[in-house]
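Taken from TrEMBL, the feature Mg(2+) binding site applies to E74, D117, L119, D120, D247.
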Amino acid sequence: SMASPALLMRVVASAYSVAEKAATIVRNVMSAGDLGIVEKAGPNDLQTKADRLVQMSICASLARNFPKMTIIGEEELPTDDVTEDLIEDGHCEEILKKPCPAQYTGIKEEELVIWVDPLDGTKEYTEGLLDHVTILIGIAYGGKAIAGVINQPYYNYEAGANAVLGRTIWGVLGMGAFGFQLTEAPAGKHIVVTTRSHSSALVNECIAALNPDHVIRVGGAGNKIIQLIEGKASAYVFASPGCKKWDTCAPEAILHAVGGKITDICGNSFQYNKEVKHMNSAGVLATLRNYDYYASRIPNTVKESLMP
């Protein structure tokens with residue numbers, strides 16, 4: 001008889017199905033027309049009904065299946081009883097069939113920390129820039145991002161009425177990443193993807209120093225990592241505080257699983273243990289390839305302004 005799948009593969013398989021359920025909730029809230037927008041810290045820091053329902057769905061579903069894990073979500077929400085219709089008990093069979101990388105076979109449930117961004121790119125969601133939106137479930141062990149799920153609820157939304165909407169990308173360190181076509185950015189081109197709604201003098205100074213051929217401004221950290229792994233951009237550069245651990249955990253795991261690299265602007269790696277502060281206060285620098293090229297061109301003035 002086959003040994004039952006390792007805990008990590010069970011968690012990833014569950015997170016996959018939980019993310020697909022979350023995508024359905026996001027689409028249903030949008031099509032119902034009442035987004036229930038609340039300002040948190042200001043007009044660029046919004047929360048919608050979708051953020052709230054999706055976080056409740058993801059956290060309650062994963063907590064029911066894996067009660068000893070630590071689950072940290074972006075939104076401050078009451079922990080009232082979640083209605084049954086928000087619970088997803090399923091799992092992706094295809095993921096369960098894959099062997100767990102040897103270094104993770106002994107993991108215990110209480111050693112995992114799950115970082116959840118229920119709706120990355122909320123501002124873009126409220127403005128109808130639906131391809132910017134992602135749902136992020138990151139899985140950390142020993143303070144490192146080791147697996148992740150990124151769902152794009154509106155992938156393909158401009159492809160016409162009969163197109164299948166949405167896709168789920170997932171990855172595990174030591175195994176690879178799946179659900180997309182890994183593509184490198186054009187050789188010799190320096191295409192930088194950066195923030196759309198959180199720009200600043202420092203953000204722009206840093207980008208100018210890289211002398212890019214092209215700058216893409218889009219919402220969402222998940223979306224920016226997808227730009228890297230699909231070859232649309234060669235570097236993701238954000239020289240500002242504002243990014244949080246739930247923004248980077250799932251994208252980091254997927255990027256690292258395909259040989260990319262992400263750090264803060266100063267070159268420090270991110271820590272994901274449950275005690276860590278939530279803010280990535282020194283920004284983000286990420287690439288699929290050629291990390292050193294970009295890291296070496298970040299001005300010291302920028303690094304000093306953002307020293308963690």
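Using the three backbone atoms N, Cα and C, a Cβ is placed for every residue, glycine included.
All TrEMBL annotations are machine predictions without curation.
Remember, it's a predicted structure, so these values are computed and weren't measured experimentally.
What TrEMBL annotates, mapped onto the structure for a quick look.
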{"residue": "E74", "record": "Mg(2+) binding site", "Cβ contacts under 8 Å, 6 or more apart": "D51, Q55, V116, D117, P118, K244, W246"}
{"residue": "L119", "record": "Mg(2+) binding site", "Cβ contacts under 8 Å, 6 or more apart": "V26, T48, A50, D51, V54, Y125, V133, I135"}
{"residue": "D120", "record": "Mg(2+) binding site", "Cβ contacts under 8 Å, 6 or more apart": "V133, T134, I135, L136, G220, A221, G222, N223, D247"}
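The record gives E74, D117, L119, D120, D247 for Mg(2+). Within 8 Å of the mean position of their Cβ atoms, the other Cβ atoms in that chain belong to D51, V116, P118, G121, T122, T134, I135, L136, G220, A221, G222, K244, W246.
Note on the binding-site residues D117, D247: the fewest other CB atoms within 10 A surround the CB of D247.
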